[in-house]
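Read through the structure below, which is laid out as structure tokens, and then see the notes.
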Amino acid sequence: MSASDLTSVQAAAPQGSRQILVTSALPYANGQIHIGHLVEYIQTDIWVRTLRMHGHEVYYIGADDTHGTPIMLRAEKEGLTPKQLIDRVWTEHKRDFDSFGVSFDNFYTTDSEENRVLSENIYLALQEAGLIAEREIEQAYDPVKEMFLPDRFIKGECPKCHAKDQYGDSCEVCGSTYLPTELLNPYSVVSGATPVRKTSKHYFFRLSDPRCESFLREWVSGLAQPEATNKMREWLGDAGESKLADWDISRDAPYFGFEIPGAPGKYFYVWLDAPVGYYASFKNLCERNGIDFDAWIRPGSKAEQYHFIGKDILYFHTLFWPAMLEFSGHRTPTNVFAHGFLTVDGAKMSKSRGTFITAQSYIDTGLNPEWLRYYFAAKLNATMEDIDLNLDDFQARVNSDLVGKYVNIASRAAGFLIKRFDGRVQDSAMNHPLVAKLRDAIPQIAASYEAREYGRALRHTMELADEVNAYVDGAKPWDLAKDPANAVALHETCSVSLEAFRLLSLALKPVMPRVAVAVEAFFGIAPLAWADAAKPLSSAQPIKAYQHLMTRVDAKQIEALLAANRDSLQAEAAGAAAAGANAAKDAKSNAKASAKPAAVNGADDAPISIDDFAKIDLRIAKIVACQAVEGSDKLLQLTLDVGEEKTRNVFSGIKSAYQPEQLVGKLTVMVANLAPRKMKFGLSEGMVLAASATDEKAEPGLYILEPHSGAKPGMRVK
């Protein structure tokens, strides 16, 4: 660890006892938990366990997000009431979180009386503050179901490329975005009927109000992640600009949710009451355990409040949520921590490849949940970078790090200590230099966890495990045991090894809590906390017989996991086909013959040929210089090293997302064979690739592509 790294983790170390409220985003109650979800819950849980091990008062709160049109329609499709559906899904979600050791203090539901009261109170406070506006809007309406349709519940022909069965806001074939009114031959995915346009009164949170803008400009300065700060500033615009739009917080009946006070037939949009669900779940816990709820959520509270989320919902948690809290008389979040997305084997999760892996299928296949906790932790840091679950690397890393390095230490020493020394350690061995080194490292590892630098914490831990194994290899206890004259040396070697194993177990406890419980039972000690680094094993407490703590990952288990998830797709597709046939039959009298059943959720996009792809020359490029383009609000001028004799000049419309100095030295991907384009600012000799959401209005933001370390300028992407 470098001096700068050490300084940063020491700065993150806890100071005194703290009160801390932590949340993860609420899973939507219309589907299963999958491994993409688990990234966030495991990340949050590791952080929470780290804080608990310091002795802080920490509450980890969760709930199912249960309201909205999709819940209502799925329940109808399954012949259930919405309440029956969400109760069943809650049980499934709770089972999955328990399986993966996600230690919620309370896992609740947004469909609760606590949430209804809190949501109403927040709304009424915002109304009293003059931050609620009423407006007439025009929407698509299903004349058969007699309901207004969200954009994603309308399909039709893309107005740009004429692909069939595209959603009402974007085309999955050509990537175009458009208004639902621009769709050709539109139909309702609910009934198959042709939508009509109809006006309705809606309620808006006036996020554009100068008070909100002023507050958010100040609040953004406290965000821990530079990427989040940049996005916030992009959404806010420069001082004097008015880039914030008012937020539609209402939906029309029929709708599963909470009715708005004083507005019969109007309901809170799910994104209003969902974050309030954090407080509702906490209030439920407080009422059951005698905790002063108001002391935690009132302005000026000394308690801390943190939200772990995916970067795709940053907009809601860094704009709407803090503004709602500020102007309804509540404390605001201490910080929001966003993580990236999960890919599997370098690609988005795919049902057809079996990589859209559900939590339950992982458990049913017999894979150890702590393997996945460890692997995700090894990949996670404090940024919003995406992480990849490479299944070959998963097998290799778990087998090497956890079985080959960590567990191996105990298995090599415990038997000798039991047989030769009655299971009691040599007390003088607790002062061995190797033990002292591990003991001194524990605060650094704990601080890395608290700084959300889990990968760094585990690299440090495994480096120490390597040193312990080298010590055992050098001491050769199996040889020492052959001669009774070596009893003292053998006793010391085994004692040092097992105390080192205890300290490594302490370092790994936030990541692998169930292994830690087994280790605590093996040593006959109380649950490990960070302060226990200074409390070594004692000869007064003999160890128990060693039991195997972990097995290796078998490639056959991985194959079975992929096969199980491919099988689930086939079953789902068969069900969707049957449902589609029934829907077509029901819609025949209501809709045009062009109405189609919905496509299977998660199916892969239409493929292109290898010849099509080969026409594009994608190259790794290093940004050697970057500057803002005078006279342009959008462009940055990049000087790129593409492995050629000369650098290339490229203009890129990413100014809203990045400061020039952030990009210098980074690797990215460019289209190298794009025809040069003459612009008024100069010649652009290629195109830098960046990602953005399909609906950039709802989810603004740009993200340049960055290759893994090892890539070099000029390498071809293929």
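Here the Cβ of each residue, glycine as well, is placed from N, Cα and C on the backbone.
Per Swiss-Prot, the feature Zn(2+) binding site maps to CYS158, CYS161, CYS171, CYS174. Annotation comment: Swiss-Prot describes LYS351 as ATP binding site, evidence class sequence analysis. Feature annotation from Swiss-Prot assigns domain 'tRNA-binding' to 612-718; the stated evidence is sequence analysis. For 27-37, the entry in Swiss-Prot reads motif ''HIGH' region'. Under the heading motif ''KMSKS' region', Swiss-Prot lists 348-352.
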Average the pLDDT scores across the domain 'tRNA-binding' (612-718) and report the rounded value. 83
Neighbour count, 10 Å Cβ-Cβ cut-off, for CYS171 (Zn(2+) binding site): what number do you get? 20
Quick note, CYS158 (Zn(2+) binding site): same-chain residues at least 6 apart with CB under 8 Å of its CB -> GLN166, CYS171, VAL173, CYS174, SER176, TYR178, LEU183, LEU184
List the other residues in this chain whose Cβ sits within 8 Å of the Cβ centroid of the Zn(2+) site residues CYS158, CYS161, CYS171, CYS174, in sequence order. PRO159, LYS160, HIS162, ALA163, GLN166, GLU172, VAL173, GLY175, SER176
As a whole number of Å, the Cα atom of the residue listed as 'ATP binding site' is distant from the Cα atom of CYS161 (Zn(2+) binding site) by 26
Cβ neighbour count (10 Å, all chains) around CYS161 (Zn(2+) binding site) is 12
